[in-house]
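Since the structure comes first, as structure tokens, the remarks are kept for the end.
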Amino acid sequence: MVRNLEDFCNEANAKHIRIEDRERYTGHFNALKDMVYSYWKKSKGLDKLVKGTTLCGGYGDNLKVSKPDEYDLLIHLVFPENDKIIVKADASNPGNVLLDMTKVMEIIAKQEHNKPVFDLLQKIVNNKKQLLEDKLQSFLHGIMTQTLNKMGNRIEVQGEISHLSYKKCGPAHNILVKGPCEYSVDFVPAIKLSAAQLVLAPEQRKHFGGTLYWDAVPKPMKPAKPDNPSFRTSFYEAERSLLHGKQNLKSAIRMIKHIRNEKNKANLKSYHIKTVFLWQVMEKDASYWEKPKKEILIEMLGKLADLLALTPRKGRLPYFWDPKLDMFADLTDDQRTDMFNCFRKCEYVFRKADGNLNDDNENSVHSSFKGSGRNGQKMEKTSTESEQKKPTETKPNAKVESTPVKPNPKPSVQEKQAKPNLADQKKCTKNANGTKSKTTTPKPS
């Protein structure tokens, strides 16, 4: 019997925010990851660039909730003479950088063993020798298409066949798996750069700390722009360090993500939530995260609502690594109003329950974590996107070995309800840091 709100938060973490079939899904994912990676490593030109992967997103941060049906994988690309890439901030696009390959090309033009890379670069840079996002992605799209064709658009794991479909979505190359395990993987290419190549402002440079590497992700502009030299910065490793060791921080993030999923607020991306907490890590003393989960949850729900508020000057969510970029800029007023009302109401419900967790208040809190209350009442739908609810995030067990893969057989023959936005329902969206989203419509990731 739950006796107070803190007990309820602990129970919610144990009962509702859990991973089912973790090992089975992880083994299957590892098999697919290894096979795709091996084909990329065999591709002419790309073979010299591919230098490892990083599991990121909810799994990498240990922030995923619910089913293990969505993975984000950075595929690191490192050019010969990579440290000679001249990185400049893109003044026209906050949070983005330009990659000047002039010195790299001057050196490798004289190296016979790097001729395939030089030939590739000649096709994917402009007349200023700046690397072009769309040209690089077009090349990788061809590689991934060939990869799926060679695999017969299927994979066999432990004697069971799963069918694969591929689509390009934002910066990600997404593979949807249908079979005994159904999930999707975003393969996100990322140019791996060193700390010496940072172009951060002094304050943000301080947050980067002792991290050795960061990435430039070929994220398309909105709308798509041909011959685009602008790449989105990504600081996954530095962010992981900033969130590490903050006792109840990750529990609070998981609870907010779970509430978002249950309320079907797919326009609020996981990276939005993560960014709210990154800013709070800078503002709060380390001891703050040792407070009870309920206190952190209530305050963070309030912070989130404040940022979504349509005030005369509008709330905004600055990108942690370049505050000139507002991560809420692409949201419509209806979307913001819908989410503001949702999270402000949740804040009110939790504050009320914290003062008096009677049966009615407990049922209201319960409804925030599940689709129905204790007595089985159906939770009122709070979003016009309720039919597009997307599953949530958690970290796979790193100790699970990749499952053996057999060769593939040949294929057999403020209170207004936001209005539905059909364009939003159809388009692919990505994590605001440029490394996912993920890929269904619209994706909460």
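Placement of Cβ uses the backbone N, Cα and C atoms for every residue, glycine included.
Feature annotations, courtesy of Swiss-Prot:
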| type | residues | note |
| --- | --- | --- |
| BINDING | E70, D72, D186 | Mg(2+) binding site |
| BINDING | E70, Y71, D72, Y236, E237, A238, E239, K257, S270, Y271, H272, I273, K274 | ATP binding site |
| BINDING | D186, R232, T233, S234, F235, Y236, E237, A238, E239 | GTP binding site |
| COMPBIAS | 377-398 | compositional bias 'Basic and acidic residues' |
| COMPBIAS | 435-445 | compositional bias 'Low complexity' |
| REGION | 357-445 | region 'Disordered' |
By Cα-Cα distance, the member of binding-site residues E70, D186, F235 nearest K274 (ATP binding site): F235
Spatial neighbour of T233 (GTP binding site) that is closest, considering only the binding-site residues D72, D186, E239, S270, H272 and their CA atoms: E239
E239 (ATP binding site) versus binding-site residues E70, D72, D186 - nearest by Cα: D72
Maximal Cα-Cα distance (Å) across residues annotated as binding ATP, namely E70, Y71, D72, Y236, E237, A238, E239, K257, S270, Y271, H272, I273, K274: 22
Residue from F235, E237, S270, H272 whose C-alpha is spatially nearest that of E70 (Mg(2+) binding site), among the binding-site residues: S270
By Cα-Cα distance, the member of binding-site residues D72, D186, F235 nearest S270 (ATP binding site): D72
Among E70, D72, D186, E237, E239 [binding-site residues], residue with fewest other Cβ within 10 Å: E237
Distance, F235 (GTP binding site) to D186 (Mg(2+) binding site) (CA atoms, angstrom): 17
